[in-house]
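Noted in Swiss-Prot for the protein shown:
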TOPO_DOM  1-43  topological domain 'Cytoplasmic'
TOPO_DOM  65-520  topological domain 'Extracellular'
REGION    142-423  region 'Disordered'
COMPBIAS  203-227  compositional bias 'Low complexity'
COMPBIAS  290-345  compositional bias 'Low complexity'
COMPBIAS  380-398  compositional bias 'Low complexity'
COMPBIAS  410-419  compositional bias 'Basic and acidic residues'
DOMAIN    424-519  domain 'SRCR'
DISULFID  C447-C508  disulfide bond
DISULFID  C460-C518  disulfide bond
DISULFID  C488-C498  disulfide bond
Amino acid sequence: MRNKKILKEDELLSETQQAAFHQIAMEPFEINVPKPKRRNGVNFSLAVVVIYLILLTAGAGLLVVQVLNLQARLRVLEMYFLNDTLAAEDSPSFSLLQSAHPGEHLAQGASRLQVLQAQLTWVRVSHEHLLQRVDNFTQNPGMFRIKGEQGAPGLQGHKGAMGMPGAPGPPGPPAEKGAKGAMGRDGATGPSGPQGPPGVKGEAGLQGPQGAPGKQGATGTPGPQGEKGSKGDGGLIGPKGETGTKGEKGDLGLPGSKGDRGMKGDAGVMGPPGAQGSKGDFGRPGPPGLAGFPGAKGDQGQPGLQGVPGPPGAVGHPGAKGEPGSAGSPGRAGLPGSPGSPGATGLKGSKGDTGLQGQQGRKGESGVPGPAGVKGEQGSPGLAGPKGAPGQAGQKGDQGVKGSSGEQGVKGEKGERGENSVSVRIVGSSNRGRAEVYYSGTWGTICDDEWQNSDAIVFCRMLGYSKGRALYKVGAGTGQIWLDNVQCRGTESTLWSCTKNSWGHHDCSHEEDAGVECSV
């Protein structure tokens, strides 16, 4: 009987060991100890398991922290995509994400988050399995050679962990382009801009032909002295004229009145001794003249064209007495004067006594030079010579220096809107196309009857251009035909000042709409 009990115990033990072996084979991480012999091995195994659990718990905690961080980042990313719009596109964090991963940061963040969630689930399941193994290891009676009771049937296993997420799918097709938005309303007319700078000084014109010399006018009363003018531009230098023929010596003029005492001149060449004249009286000094202001020195002009010498003029009428001139340079020695008329013969005196021979007298002092004669009267102007041939056009002068821009004027108040305002426009391009006018709240065209370049110039002037050219066959317009038979001279400021039919009166169709081509 005892042997049978021993055999039964051996069979039970072997069955228990086989069951434990099968259980160990099913659990891949369970320590395989088929025959523990000492208590020290069990303690060592428990210590190893505890250390492993601690490390696993620490690793799971780190994974949880990383998952929480990624979830926080995911919430931040979701904020940018609420209602399919980027509400916070200008934030620094969004721009930083875009600069770091411009096309991949969203897909990579979502895939990494899914991978971490799967790893966290796997760690949680592994942790549960490890706890079950520890329970099996500590509660297994076969490990301590104790017959255990038959265990209750195990609970139904938990649902398996979610599988690893699949690879992200290919990007979807690009979205269709949205419909074009409605055209916005016309903006309000802005205030007029400030006044522009003054224009550049124009080029100097061509020199005109030399005019005929005018007759000498009567001497006018001297006007008040004007202010000193600014320095003028240098004139063109005319050509040097031919030397005139020397005039004949004029008749001896009447003796002039005694003039003021002149300044002492340089000693002239001694003339032949003349008859000793009587000593004249000293004249009274004249009043000093007003000192004139020196004029600004002009630039040297270019030589003018050679003129045709005119015939000698006739003797002119005596002019008014001129003001005393400044002292001139010393003149050349004058010709010897004509001998004076002999005096009347005196009575013959009685012969006087022979006187003593006197001493030779000293040489007398040189007499005071006589006053300068009055300047001869100016001859009358000669007959006008034949008109010279027009000279060649001079070279184009250098462009003048651009004047300084004036100070910006004060901005004027905005004017009130006028009633029945009229304006013009070009349909086609900015400066070429069909001419249209705005009248009574409606745009209309112009008939090309009598439409010429002068009309186009006035039309372009209304748009700020300076030149214009009339065009025809520029394409038919629509709506009203406001003007017909427009006839401008080209100097008008607007078309409304030109001769034309009344507004809306015409005999044309839109095939005859007028056009313009404007230029600066």
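Backbone N, Cα and C atoms are what each Cβ position is placed from, and that goes for glycine too.
A map of Swiss-Prot features onto the structure.
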residue : record         : DSSP class
C447    : disulfide bond : strand
C460    : disulfide bond : helix
C488    : disulfide bond : coil
C498    : disulfide bond : coil
C508    : disulfide bond : coil
C518    : disulfide bond : strand
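When the disulfide-bonded residues C508, C518 are scored by other C-beta atoms within 10 Å, C518 scores highest. Cα of C447 (disulfide bond) to Cα of C498 (disulfide bond): a span of 14 Å. Packing around C447 (disulfide bond) is summarised by its Cβ count: 22 other Cβ atoms lie within 10 angstroms of its Cβ, all protein chains included. Each of the disulfide-bonded residues C460, C488, C498 was scored by the other Cβ atoms within 10 Å of its Cβ; the lowest score goes to C498.
Per-residue confidence over the topological domain 'Cytoplasmic' (1-43) averages out at a pLDDT of 53. Spacing of C498 (disulfide bond) relative to C518 (disulfide bond) is 19 Å (Cα to Cα, whole number).
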